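Copied from TrEMBL, the annotated features are:
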type: BINDING; residues: Met54, Ala205; note: substrate binding site
type: BINDING; residues: Arg129, Ser174; note: ATP binding site
Amino acid sequence: MTLSSSAVAPDLDAVIAAHAALRSRKPLVQALTNAVSTNFVANALLAAGAAPAMVDNPEEAALFAGIADAVLINLGTPTAAQVESMRLAAAAAQKAGKPWVLDPIAAGALPWRGAVAAELLQFKPAIVRGNASEIIGLAGLGGGGRGVDSSADPAAAVPAAVDLLAHAAAVSASGPVDHVVGRVDGRPTLVKVGGGSVWLTRVTATGCALGALAAAYASVAPDALTGLVAAHVHFAAAAEIAAENARGPGSFAAAFLDALDAVDEGALRRLAKIEPAVAAG
Ligand SMILES: Nc1ncnc2c1ncn2[C@@H]1O[C@H](COP(=O)(O)OP(=O)(O)OP(=O)(O)O)[C@@H](O)[C@H]1O
Ligand SMILES: Cc1ncsc1CCO
Ligand SMILES: [Mg+2]
């Protein structure tokens, strides 16, 4: 599997193929994620058709990166021990050729963790996934953000996302319309994914779960860009299905897990909102 460049820009057919591969292979994702998100991330992976394992202690993190199909590293509540595990797991994933995803939570707002995130880029994540402020912050272009939430428009994060292609094969900035970049035939390319639901912003750790799903897809897709677009499309379709029955954030959260499971080829065909790829940067 090459994770550096796609031969063609991902489209609906590529997303459907990646979804079928996810469902048949049920990839195992090692998640080193924040304390707020662990249960929701594990349940979202199971609902979507993957499998979670939260192995994040320094004694076992590297060994398990060689066992898992993909690794998620999420900097939401980083302790010293967890950061040590992150360095070990990222290095082991790179050595084993396993795709890993960096979610640089609050990288633009908090300099210490911003430096940790920047340091982890040396281990070449397949994917960097964050909200717009985090992508801008990680690229060293400012960003800010109020704590863990975004204050930027994803379109404004595209130059930063393209800069990050020096370290990662694909990068996305989430928001009302998700902006996903990668290389197609070597050239920086932008794919926008619309849809979803604003309810996603009223439940904690939805972005964290999206990062975990991106890791799962990266391990079954032909390249990182296709995997990342597929994760965004699956997530957005599930959010639309869930929003139909939600009465508030609590019922949305439960309906969203049901909908991650319910998304099938028909739902993808009906609900996917993938804009044609364009050159970026
Ligand atoms: N205004 C919006 N309308 C529809 N969907 C949205 C909106 N804002 C974000 N989303 C969706 O919510 C999901 C999480 O994106 P968000 O940008 O909130 O990530 P995040 O800030 O990293 O989340 P968290 O840190 O809470 O886990 C994505 O699937 C994104 O498409
Ligand atoms: C609320 C919160 N605080 C640190 S990480 C996190 C989860 C969503 O980013
Ligand atoms: Mg986030």
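Placement of Cβ uses the backbone N, Cα and C atoms for every residue, glycine included.
Structure coloured by features recorded in TrEMBL.
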| residue | record | DSSP class |
| --- | --- | --- |
| Met54 | substrate binding site | coil |
| Arg129 | ATP binding site | strand |
| Ser174 | ATP binding site | strand |
| Ala205 | substrate binding site | coil |
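Among the binding-site residues Met54, Arg129, Ser174, Ala205, the residues whose Cβ sits under 6 Å from any atom of ligand 2 are Ala205.
When Cβ atoms from all protein chains are considered, those within 10 Å of Met54 (substrate binding site) total 17, not counting its own. The Cβ neighbour count for Ser174 (ATP binding site), using a 10 Å radius and every protein chain shown, is 28.
If you count neighbouring Cβ atoms within 10 Å for each of the binding-site residues Arg129, Ala205, the highest count belongs to Arg129. Taking the Cα atom of each, Ser174 (ATP binding site) and Ala205 (substrate binding site) are about 13 angstrom apart. Among the binding-site residues listed (Met54, Arg129, Ala205), Ala205 have a CB atom closer than 6 Å to some atom of ligand 1, in sequence order. For the pair Arg129 (ATP binding site) and Met54 (substrate binding site), the C-alpha distance works out to 19 angstrom.
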